[in-house]
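Taken from Swiss-Prot as is:
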| type | residues | note |
| --- | --- | --- |
| COMPBIAS | 8-23 | compositional bias 'Acidic residues' |
| COMPBIAS | 136-153 | compositional bias 'Basic and acidic residues' |
| COMPBIAS | 164-174 | compositional bias 'Basic and acidic residues' |
| COMPBIAS | 218-240 | compositional bias 'Basic residues' |
| REGION | 1-29 | region 'Disordered' |
| REGION | 62-89 | region 'Disordered' |
| REGION | 136-188 | region 'Disordered' |
| REGION | 218-247 | region 'Disordered' |
Amino acid sequence: MDNQLSDSSDDESPTDDCSDEGEVEHLKDELSQIPFCELQDLKDKIGSKKYNLAIHGIMEERTQGIPDLETKKKKNKGPQELSSKQRVPKLRKVVQVKKKMGRDPRFDDLSGKFNEDLFRKSYSFVNDIRVEEKKSVEKELKKTKNAEKRKNLNDLLKVMNQQERSRKSAEAKRESKKKIKETERELVQKGKKPFYLRKSELKKLELAEKYKELKSKGKLQKYLTKRRKKTASKDRRHVPERRQVDQ
């Protein structure tokens, strides 16, 4: 009896598979011309399994044994469980380690405060190197006959001269401030209240010191003429142009 049932079940399974395949092929032909809303109704009627086989060719039997990677909850409100198929990360953080941050000792508070005077004294040799470089450029300029190379050397020499003037100007300002601070410090020691100069007053003192230096070198008149021309050109830019009236 059991053998007969098993034989009958074995006989039925191939025919069922064939009927399913025939039904799928038949559905494929018909579904290509059906609107989406009707397809959705059809999916509700025949079930998602046969619908997916017909439309997308997805074999649901192949994917039944593969669990989802997302966490699942038991129906009895148990704890979440992870699938054994989930890939383990390559680098697992067992112990949280504090991220190392780069540290520049030049700008770190642990290295102390910046001493400008000490810095300039320590790197005073850089100015000597600049002087030697300027001399070598001037020598090269005298020897060179190539027009393009001479132009490049002239441009480089102008930049060097401009940088040198800027350094000297900054140095003169530092010296002026230093003298004012020393004078004020001496007066405070004698009992005077501390007095701090405004920026405008400090600028006037720096300008007076600059005029004094230029006068000693005989360049004051040239500097004043150049400054007047520069001021006049600035004023000219703000003057409105004269309108031409057609006669």
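FYI, residue positions are counted from 1 along the chain as it appears here.
Placement of Cβ uses the backbone N, Cα and C atoms for every residue, glycine included.
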Checklist line | Secondary structure tally of the compositional bias 'Basic residues' (218-240) (DSSP, helix then strand then coil) | finding: 19 helix, 0 strand, 4 coil
Note to self: Summarise the compositional bias 'Basic and acidic residues' (136-153) as counts of helix, strand and coil residues per DSSP.
What the structure shows: 15 helix, 0 strand, 3 coil
